[in-house]
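Written out below as structure tokens is the structure these notes cover.
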Amino acid sequence: MKKKSLALVLATGMAVTTFGGTGSAFADSKNVLSTKKYNETVQSPEFISGDLTEATGKKAESVVFDYLNAAKGDYKLGEKSAQDSFKVKQVKKDAVTDSTVVRMQQVYEGVPVWGSTQVAHVSKDGSLKVLSGTVAPDLDKKEKLKNKNKIEGAKAIEIAQQDLGVTPKYEVEPKADLYVYQNGEETTYAYVVNLNFLDPSPGNYYYFIEADSGKVLNKFNTIDHVTNDDKSPVKQEAPKQDAKAVVKPVTGTNKVGTGKGVLGDTKSLNTTLSGSSYYLQDNTRGATIFTYDAKNRSTLPGTLWADADNVFNAAYDAAAVDAHYYAGKTYDYYKATFNRNSINDAGAPLKSTVHYGSNYNNAFWNGSQMVYGDGDGVTFTSLSGGIDVIGHELTHAVTENSSNLIYQNESGALNEAISDIFGTLVEFYDNRNPDWEIGEDIYTPGKAGDALRSMSDPTKYGDPDHYSKRYTGSSDNGGVHTNSGIINKQAYLLANGGTHYGVTVTGIGKDKLGAIYYRANTQYFTQSTTFSQARAGAVQAAADLYGANSAEVAAVKQSFSAVGVN
């Protein structure tokens, strides 16, 4: 059944040059490959690894800047120094390779370049091993960057609001930030305007308003939905408020209750007894888990879910039971598997709201919490009833706090695929009838065997399974839910093996699939990573974990080749 008609504006093609065997090893004999990947359009490196510099006693940031200054011609920095062209955003240690990871943002005369982020790995002996991320070239030659005439940010917000065509109630006050923006072959200054709202339908829009002319150059919605079929939630008259309704966290005693989920199965629930009520507030993990009731309205977060006897068996409770339980299981998967403490690896609370709107056929991550509709009973049942859906949406938050892949075009499709991969792995972790379908537990409840997407066979639901079959239009943010099928198929082949388009892949299992993609997403992917760059990052991640000459590295290469990504 065809679920959607989407398309993707794809980024430029890539050329890869691999040279000279294996570079010197990272710590603990984890190897770094010697690879150079060039962007064919701008002819500058976008992923380079190997023995890039000699060992020094310098700080990691200085090592990276020294290398970039020596390679100014390759990266087309012009007369600007590396120190003037990049701003260090984060410096962290990588336990796997005992290296230092430096994340950077490209800037031009102090103004950040949209989507141009880089990540570098410097070994403990002070040598640069990996530099990932596309650099915007020849900015000093761009005529529009010489134009200092700009409209005010407030005017840019006004233009974006006019283009939006509705007057929403904003969740966050609109703001406009100045960026250097690459608009096709033209580079200009643009205000990036963020409009975040829930009514009339959820939106977290980014508008790109040219700073001198006020022209709308681009716009897209970064609300991360599980499906692109986003119909506005129909609002009902607000239920009468309970005078005892609670929004803020409560203090009390940890308890264990029970409840029935959307599919009728019984689950144990970590709750908090405060006063005479039991709240869906789980204090037992490194991150507190909260579950709220929107009461069929579109106000967030709603009221903290409460019950009188710690038995959540009413039909209305089911969506909350699953949202609460599955959020905990998703936390457990990331903690047990990667020692990650919540979505930001720093114990951020996990907030979920159920009964959002009326008959709302979607679920989404809005940048700060999870939101689930009840479905209309035909297309969807309550969307919190799918553990892969919850794992999918919370993985968007993990990505937001690591690579921060832009939710448009190839980087957006990669973002979606990563969420499908880990949503599926969370389902396997909980061993709840696991499979390689997405949303099968909550999609078309009256039709057995149906799902939103299939990782084993994306074409089953109209999605491409090979790069040659990709969509090249602009709907759905450039087809983020459609072209994710290409990476989904690659991931399935990597885990399970098989022959696809004449390429045979030796499967390495789902656990190693997760390890490679988690490392690639947190260590090598950047905001604008394309499928081709993702291949390079995943190959290096496998080399870090299993060795440069390992079967796992070979399998990663095979799996990407099988879906036409080189």
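Glycine residues also receive a Cβ, built from the backbone N, Cα and C atoms like all the rest.
The Zn(2+) site in Swiss-Prot is built from HIS392, HIS396 plus one of GLU410, GLU416, namely GLU416. According to Swiss-Prot, GLU427, ASP435, GLU437, GLU440 bind Ca(2+) 2; the candidate from ASP374, ASP376, ASP388 that the record adds to this site is ASP388. Taking the recorded positions GLU393, GLU416, GLU427, ASP435 in turn and counting surrounding C-beta atoms within 10 angstroms, the largest count is reached at GLU416. Other than the site residues HIS392, HIS396, GLU416, same-chain residues with C-beta atoms no more than 8 angstroms from the centre of those residues' C-beta atoms, the Zn(2+) site, are ASP224, VAL226, TRP365, GLU393, THR395, THR399, ASN415, ILE418, SER419, ASP420, GLY423.
Around the Cβ of ASP309 (Ca(2+) 1 binding site), 10 further Cβ atoms fall within 10 Å across all displayed protein chains.
For ASP388 (Ca(2+) 2 binding site), the same-chain residues that are 6 or more apart in sequence and have a Cβ closer than 8 Å to its Cβ are ASP420, GLY423, THR424, VAL426, GLU427, GLU437, ILE438, GLY439, GLU440, ASP441. Secondary structure at VAL311 (Ca(2+) 1 binding site), taken from DSSP and collapsed to helix, strand or coil, is strand. With respect to their backbone Cα atoms, LYS447 (Ca(2+) 4 binding site) and GLU393 (active site) stand 24 Å from each other. Summary for the binding-site residues ASP307, GLU437, GLU440, ASP450: the Cβ-based neighbour count within 10 Å is maximal at GLU437. According to DSSP, GLU440 (Ca(2+) 2 binding site) is assigned to coil rather than to any helix or strand.
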